[in-house]
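Input: a single structure, listed below in structure tokens.
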């Protein structure tokens, strides 16, 4: 023991005199130890440190790559006389897997039995609690101040250890799992994860000691798989971060992470004991093996121990459980394959693994097997062989499950798969069980055949997923479908099913393309009666259809609800490449040297069943692409629409006409033909997550091509525009997507999720409020006041869901508003801020000047001015308010030459004068004519007086009784103008006779009057 004031290490004070340069950190440690001894020198005497009271550590590496090994006490101040520092191994030194670095002699030694090591790495595979060094943090996203009082706290939203793995949060909070590690050399981090739900954002990234993130190539997790990321030398902080945003009632499924392994730590000073349920029988083991079923092990075991006869255990168990008595929930029934006599046997089997005891009190016995029944017929398209097996009919023939029959002339087989008899599992189907505890496949049978249906078998636990998969290599759609770029339907799958459940069971239907991860399409919860479901395949690729049934989501083992089952009665897939046929359909005939053969009709042509010839569909009709037989296959288009070039769809060419008794209103919506977007009002979840619905619309034109695109970028926020990648993209006339703003998530781009098609087919365009069952309530929007009725576009979606059994519908109401320049303004119903009041029927109001009718001559006034200085102007002005757009232009002002009032007055006087002269001339003319008649009459009177003379008979007219005798004598002698006027003014005598002087003709006798 050193005396007070004496320093046993003078070199600590005079380090500059030594010839060997000792690292500064080493001198600091030595000086601290000496000072510590001097300070306590007056206290009780300390004993020399034993090997169990200290451990060795390396100092930090210097610039030359060197380090020192120093002894560090477990509890400072309890002992003294620690070993002197010695030069350590190189900083890059490491041991192999299965070895550890013995710090006492600084050499690698193999791990003992029951232990393992990764050499230069560490592994985390036990998650009963959060391992040392890990941290789980949670945080709210952007929370609106107005709802802060009702916002739930996020402090409990963290990653939760669950034994074999750690699970993420499932709410709208952000949960982060962190681990910091210092690497002596470049290494990797490797982990397995289960990422089943796209409504969760899952990202993994690494930051260095300057808090700078590494390249984000692997930041966004795409699918369930094993992942690894390279790590740089130095400090690395690993982040696993999740954020759920299921804005609907659906509860997201958590992300699961397990088996995290990190390499590059340079050395491991000890081996890790095998966790319970595993063992390592040999020295130098890099990993521990799982105990088989009905065996168990404790921590650090070299072998597994068998369970007692009355106990059992699952694979990798640390304890054995008491076997319960067998019940009817522990066995299931199935059917054997048909024998040579065409019979099948009903067989009862214990569920695997068998955990119950038959000999226990109250245990049930396995029912007797072997009851024979007649085999059901083969599935359509198959025939029964001599040994009672079913084989597919060759191409060109069909069957209903019995014998194969060649298709008649003029027909071709309708290939597909139709399964409705379940005596054996079809060759293109397989079944398995996925553990609901550790999410590993167990290699068990998940579905069993039962004659007229297939049902879920008994699993190892009620939360296991009973999986059934059907793989289709590809499709062979009709040529008319291939030519139609807008009709994406290449095939359909229809299945009939039911579920019988006593708790919260779930049946999932999933679809995977080209071996990619299955995407959930539809989910049914609880008991569902026997019903049919149809899904449309829109991509010609290798497709896998998966049905997964889970009896309960509770995280516990046991069989309590084995009577909860899912049954599938039939599965029908159309247009399958290499499929079989249950019937033959008519085809178009093509003449050849070998006779007639089937061929495809051109797009838009239907097949005449009798002649096998192709005929073009009439105008304004479309062809049923998958049933092009007969004239009835041509379906009329709705009002206001027309067919495209190949008669595959009805569309509106951005024009519309409306007839009224007074005029015809024409419309042109070309200014509205592009895509437009509309965001709904912001909403908030219970955790305060801000989101809104975003709509994209394409109204008309483009030959009916769907222009609105909505994308799900949750699984990969880095995909370029136009590339599908792992994202789900929806193309329609109207689509909807849920958007979380970029300022909320902290990403460069906003997060879009759950794209939905709202309009796949244009039903018609009309001013009516109802069309083919689709209603556009006028009361949803403020009433129009212009007097011009709204034009309504009626759309329908092909998506059929449980809540929307008839599919979704969309109405877009176009309203004339001269104050809204094109393209105008889109509005949502005020009482339904998300565009729908029931989740199935969506409504939009589009106000624009482009929605007004085209201008015509009826839309302007004509004003004619007075004649000023010989000029008259004609002016045209629009009627107010102007409720038209486009069409004819307002005519320019017209200027014409005109005559003043003075001119017309002169014309009138001249015309009057001429008229007076004309009347005078006419008067004279008729007067003269009258004088001639007067003369003739006078002559007749003179002849009448010669009664008794021998004169010739008078040439006169008879005088009727009561008539006056008036004789006018016409004098042959000419008179002057004055004499004519005087004669004209003479008057008759009072007795009614005129005094006429008579002149006797020459040579005649004198007569007395």
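Just so it is clear, glycine is given a Cβ too, placed from its N, Cα and C backbone atoms.
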Would you mind telling me which of 886-906, 907-927, 928-948 Swiss-Prot tags as transmembrane segment? 907-927
Candidate set 153, 713, annotation N-linked glycosylation site, source Swiss-Prot, matching residue: 153
Record-annotated N-linked glycosylation site (source Swiss-Prot) among candidates 400, 540: 400
Scan 387, 572 for the residue that Swiss-Prot records as N-linked glycosylation site. 387
According to Swiss-Prot, which stretch among 966-987, 988-1009 corresponds to the feature region 'Disordered'? 988-1009
Once the chains shown are all counted, how many other Cβ atoms turn up within 10 Å of the Cβ of residue 387 (N-linked glycosylation site)? 11
Check the disulfide-bonded residues 274, 700, 804 for other C-beta atoms within 10 angstroms of each C-beta and report the one with the most. 274
On a simple 10 Å Cβ count over all chains shown, which one of the disulfide-bonded residues 710, 840 is most densely packed? 710
Give me the mean pLDDT over the topological domain 'Extracellular' (36-906), rounded to a whole number. 84
Measure from the Cα of residue 840 (disulfide bond) to the Cα of every one of the disulfide-bonded residues 307, 700, 735, then give the nearest. 735
Given the disulfide-bonded residues 338, 654, 735, which one is most crowded in terms of C-beta atoms within 10 angstroms? 735
Select the closest residue to residue 387 (N-linked glycosylation site) from the following disulfide-bonded residues, measuring between CA atoms: 700, 735, 804. 804
Just to verify a number: CA distance, residue 326 (disulfide bond) to residue 400 (N-linked glycosylation site), in angstrom, no decimals. 43
Look up residue 735 (disulfide bond) in the DSSP assignment and report helix, strand or coil. strand
Among the disulfide-bonded residues 304, 338, 700, report those whose Cα falls within 10 Å of that of residue 291 (disulfide bond); none is a fine answer. 304
